[in-house]
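S.K.: Pulled these from TrEMBL:
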type	residues	note
ACT_SITE	B:Ser276	active site, nucleophile
BINDING	B:Asp348, B:Asp351	Ca(2+) binding site
Amino acid sequence: MLYILILVISGIAQFLGPWWLMPIVCFGLCFWKAKNAKEAYGIAFAAVSTLWLGYSLFQSVSSGGAFPLKVAEIFKLPNAASLFAAVTLVGGLVAGFAGLAGHYCRLALKP
Amino acid sequence: MKYIRALLSLLVAGGLTYIFSRPLGPAPALGPFFSPFTGFWQNAESPDKQPPADIKLQGLKGEVTVKYDDNGVPHIFADNDEDLYFAQGFIIARDRLWQMDFYSRVAAGRLSEVMGPLALDFDRYNRRLQLPEGAERLAESFTHEPTSKLIVESYSAGVNAYIQQVSYKDLAIEYKILGYTPEAWSPLKTALVEMVMRKDMNARSDDYRMANALAKFGKETMNDLFPDYPVEESPIVPSGTKWDFTPLAVPKVPELMKASIAANLDLEAENPGIGSNNWAVHGSRTASGLPLLANDPHLGLSLPSIWYQMQLVSPTVNVYGVCVPGWPGIGIGFNKDIAWGMTNVGSDVFDLFQIQFKDNTFKEYKYGNDWRPVTSRVSEFKVKGSPEIIRDTVLYTHHGPILYSQGQKPFFSDLPVGHALTWVGPVAAGNSVKALYLINHGKNYDDYRKILPYLAAPGFNVVFASNQNDVAITSAGHFPLKWKEQGKYSLDGANPEHEWKAWIPVEQTPYVKNPARGFVSSANQFPADPSYPYYLGWKFAPAERGIRINERLGNMTKATPDSLRLLQNDNFNVEARRILPELLKYLEKDPSAKALPAYGVLAKWNLRNDPNEIAPTIFERFVKELRLAIWEDEFPTQDEKAPMSQPTRDRTWAMLQKQPNAKWFDNVKTTDKVETAADIITTTFKATIDSLTVKYGPYNPQTWVWGTAKGTDIKHLVPLFKSFSRMDIINGGGANIVNATTEAGHGPSWRMVVQLDKTWPKAYGLYPGGQSGNPGSPHYDNMVEKWAKGELNELVFLKSKDEQHPRIKSTVKLQR
């Protein structure tokens, strides 16, 4: 459930606004829903990395797929896969820590 | 404990978000950059992407309709001129904002602000050339005149309307990678873009290298080896044309400087790659009975392309052509009645003055019998990644700034000798925006001549044709009125007779209308033969392209647009026709040279630099090495203390043909032997084969073929972004071939052919790139293949907003 909520709500927020709405949504939803620290971190990480990976794959496929390779070359990355890995990691890390912070803040405020 | 844990986790989450929101050194901000919602993924455009149907814009007076054709060319229809130029700015910013911004930063000397220390020397150089000061003058002249004021201000407002509404997600990929955002546009930035063009066309000099040669060999030898007019030439204004004006008195030649003082000036030498072709054929030689006009300006090829195609329509104008992003109006194009095109004149408008300082404090310099005060200005540079502001002090005389060698230290420790620079860039104002406005609206020959006072620099050979069956060409621009050979060598800053004092009247620059031969043309060669009363320079682009164009046009009857397209792609090698038989005669006598397969290839060559030929690979390298072998011993180009110019190829080949026993053939570095022309030619031929073998492997028709051996690179404006470039495009041609594509990445940056007509013209054109500046767009480089093959697109020139055209793919309404 938390997974779906993060996916959908952060998706809408990022579609309309800047990228940093994503950690705010993760923080809020994990504050509200996460049962423990592991879940907060893990689900937020998983949800956002699925979202980022999925959407970037979609973008890349619908435009023919050559462009990510060119960008990867500029950053001296060996292939497009490493670019997708970076996307997963950047999105996931930020989401995971934001989720964790949400959960811990709730524990701190309401025992 | 739980509070600390909460606080710590908040810090980590907030910290990560913060760090990923900012550029990390040279790397972009990772969060927004990698996010598929905003990052580079958003720059990948699908082939069937449609623009929005309506865009709301503040600042418009009425409604503007923009129709995009299948090549991504916008056709803009506005109800008034303010809206037209507003829309031009808005629409071009959508496709090319980063590029415009980049050009304006180049001329402002502010590239290092966004690219880091790598660009600092380049910035310093551009500021020392006074590009920013020149732009300020230009901007002032734009806003001083009501028409150009309206244009540059509306255009800026249009660009800024785009900047205000663009979000990070839609920013150009270059902004995202380099981690900065666009600045507001202004008339000054338009002027900065023009200064980039002035620099590219005019900021080059051989003066210092020539002065070194003069100091070593004396005037008599220089007159012989560096004559003021070539042996073989076919000038733009045909020889024998009568000058129908009374020229001003030309100043007398004053005393030249006796000796040149050593100074290590690292200036760009004359660049043979900056050249262009244009011509117009009178109706007496065409199939339709009305003129045809063609133009292919050769510039450094880049991606995004230097040109952008547009059709601009308002109640006062309907014009189609290409413009330079950042510069309003249409630069090269046509309307219902006329067509025009431009090539660089390349006259000598960049002069260096030796300055004699009074003492080591550099506070005063000699001028006439007086000492004048030196002034200084401090330039400040913000450099990306560097917390402190870098300052550069430049000394000024009344001639202009004093240029020093690269790597100059802020406090002079060694010889206090410099050269001051006077060049047309910051000095001539003119009003290019007004000039373009007038030609865009032009209806006939008289309208065409009206642009002359406004076209200052760079000087352009403006070719013209009208549906009243007039063809004409003018070497237009503001050119200093010089004494003969003024500026051929470094000038004396202390002698008042050496400085620029007046200009050639604009109506007396070389021009010709409807010459008897039935066509006009230019290929950057001498504008006129020595009968022209003014001195424009001692050296222009080599004559070969002009000779070939004039020969072929002279044989044309019933010309069609396709005859002109084929001429643009002509690969015939005029230089080889002139000199190869002579060279083969020498090689023939040497059995070991004759035995080489390369000899056979040259002997059987059809003299065309076609991509599938092998001979051009050998010939081009051979003549290049031969010229060095003849001259480098006496005229070293790379000498650290006194680098020199070398005699032109024209002079070299004339010597080979007429003075085969000239002493210059001897290599003065070999003391035990006196080499003859035959020795130099045969040894250089063998050396050429050796160097080709090193480069392409042992002789093999597959690897030595011209198309691959030459290759043409079209690089992204940031050369580091290699994957955004197109490398090694296979095509024919060469530096002095009509189809002037070079290995170094120069070539026809726009090819256009227009067939004039009483009712509606037909036109063809393309450039090696695409309308979009976005490397993720299918319109980024979609014209490159056709360009390499020498094909042209038919251009969609709409009669009105309501015309239904099958190639119009989408319509956008811009509304208040």
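The backbone N, Cα and C atoms fix where each Cβ goes, glycine too.
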S.K.: Other than its own, how many Cβ atoms are within 10 Å of the Cβ belonging to B:Asp348 (Ca(2+) binding site)?
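M.R.: B:Asp348 (Ca(2+) binding site) is surrounded by 26 other Cβ atoms within 10 Å.
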S.K.: Could you round the CA separation between B:Asp351 (Ca(2+) binding site) and B:Ser276 (active site, nucleophile) to a whole angstrom and send it over?
M.R.: 23
S.K.: Just the number: how many Å between the Cα atoms of B:Ser276 (active site, nucleophile) and B:Asp348 (Ca(2+) binding site)?
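M.R.: So the alpha carbons of B:Ser276 (active site, nucleophile) and B:Asp348 (Ca(2+) binding site) sit roughly 17 Å from each other.
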S.K.: Validating a neighbour-count step here. Other CB atoms within 10 A of the CB of the residue listed as 'active site, nucleophile': how many?
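M.R.: There are 27 such Cβ atoms around the residue listed as 'active site, nucleophile'.
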S.K.: Hey, what's the Cβ neighbour count for B:Asp351 (Ca(2+) binding site) at 10 Å?
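M.R.: Other Cβ atoms within 10 Å of B:Asp351 (Ca(2+) binding site): 26.
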S.K.: Which state, by DSSP, holds B:Asp348 (Ca(2+) binding site): helix, strand or coil?
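M.R.: Coil, per DSSP.
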S.K.: For the residue listed as 'active site, nucleophile', which of the three DSSP-derived states applies: helix, strand, or coil?
M.R.: strand
